[in-house]
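Read through the structure below, which is laid out as structure tokens, and then see the notes.
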Amino acid sequence: MEVIKQVSTIREKVQALRCGGKRIGFVPTMGALHEGHLQLLRASAQENDVTICSIFVNPTQFNNPDDYKLYPRTLEQDVELLKTVNCDYLFAPGAEEVYPQQPLLQFSFGPLEAVMEGEHRPGHFNGVATVVSKLFHFVQPHKAYFGQKDLQQVTIVRQLVQALSFDLELVCYPTIREEDGLAMSSRNKRLNVEQRQIAANLYNALQMARGQLGQKAVAAIKEDIRNYLNQQDQVELEYFEVADVNTLQPVQDLSEVQEVALCIAAFVGPVRLIDNLLVNLKEE
Ligand SMILES: Nc1ncnc2c1ncn2[C@@H]1O[C@H](COP(=O)(O)OP(=O)(O)OP(=O)(O)O)[C@@H](O)[C@H]1O
Ligand SMILES: CC(C)(CO)[C@@H](O)C(=O)[O-]
Ligand code: BAL
């Protein structure tokens, strides 16, 4: 596997690959790789001639300076993991490569960014859209791989791809979980042993909500989830939402939708985690 740090080098490499008729799969990440990332990388290696992974902890998408400063960075370990999944190139640029000038772009995703992560992390999706657009230009993938754990992100990126006519296929893979149900996440590395155990309650809460869907009104389910998580030490719920899976807008009346996304964001100790479950109401 070749590690590339410069934008000019990745551009040259990609141009040569495309001229040679190679199909490029791309997995953008912020590193501290885990099985969730590896699943995306394996899929890319299977479905494309060449796989490029990027690792860039993108400053413009962090609304909280501590979150940026403390984000896990494990590059050496990541390189070893990437070799195990047949990744061909790691693109790991510095911030000065990606942002030679202050980015001034303003994206607008309408109602999609007014809820959940967009509402609670001001500027977050502007930063994601900026860096993903740049990465797509640098890497020019035929296929780009994202995870369902960041459901709102993949929905926004889908809108971005359409709006800017990126010539690529976007694919989304299901959330990989630990044995107790906790969604794998790089930020889990910041949890201490006690917080790591407590964190599984986010998944328990989602399962509890799923079980109540046919029995209770949305408002009552939300109240139960808030009460359940309030009882847990070191957990502070930021939001729990029942959203239409297509628009991610809050659902009041379950009879009006076919499939919902149960979405949660909560602090466990100092670490903010998110998770979601998709539920097809007609199949429940
Ligand atoms: N548990 C998971 N299952 C499937 N895909 C995942 C999982 N965790 C992350 N991904 C996907 O991997 C890609 C890179 O994500 P990222 O590097 O931010 O990792 P992360 O684990 O989501 O970290 P964090 O949530 O702490 O930022 C994203 O498309 C993300 O949705
Ligand atoms: C897509 C992404 C790599 C953009 O920085 C990031 O938001 C992530 O890792 O999900
Ligand atoms: N994993 C999504 C990117 C972020 O939390 O900033």
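Cβ coordinates come from backbone N, Cα and C, glycine included.
Annotation source TrEMBL lists active site, proton donor at His37. Per TrEMBL, ATP binding site is recorded for 30-37, 147-150, Ile176, 184-187. The beta-alanine binding site feature in TrEMBL is assigned to Gln61. Annotation comment: TrEMBL describes Gln61, Gln153 as (R)-pantoate binding site.
Ile176 (ATP binding site) sits 9 Å from His37 (active site, proton donor), taking the C-alpha atoms as the reference points. With a cut-off of under 6 Å between the Cβ and any atom of ligand 2, the recorded positions Gly36, His37, Ser186 reduce to an empty set. Cα of Met30 (ATP binding site) to Cα of the residue listed as 'active site, proton donor': a distance of 10 Å. Checking the recorded positions Leu33, Gly36, His37, Gln61, Gln148, Ile176 for a CB within less than 6 Å of any atom of ligand 3 leaves Gln61, listed in sequence order. Taking a C-beta cut-off of under 8 Å and a sequence gap of six or more, Leu33 (ATP binding site) has these contacts in its own chain: Ile55, Thr74, Gln77, Asp78, Leu81, Leu82, Ser186.
Here the residue listed as 'active site, proton donor' is compared against the binding-site residues Gln61, Gln148, Gln153, and the shortest C-alpha distance is to Gln148. Checked against ligand 1, the recorded positions Leu33, His37, Gln61 give His37 in sequence order as having a Cβ less than 6 Å away from one of its atoms.
The two recorded residues, Gln61 (beta-alanine binding site) and Gly36 (ATP binding site), show a Cα separation of 20 Å. Its Cβ placed at the centre, Ser186 (ATP binding site) has 19 other Cβ atoms within 10 Å. Under the DSSP three-state reduction, Met30 (ATP binding site) is assigned to coil, being neither helix nor strand.
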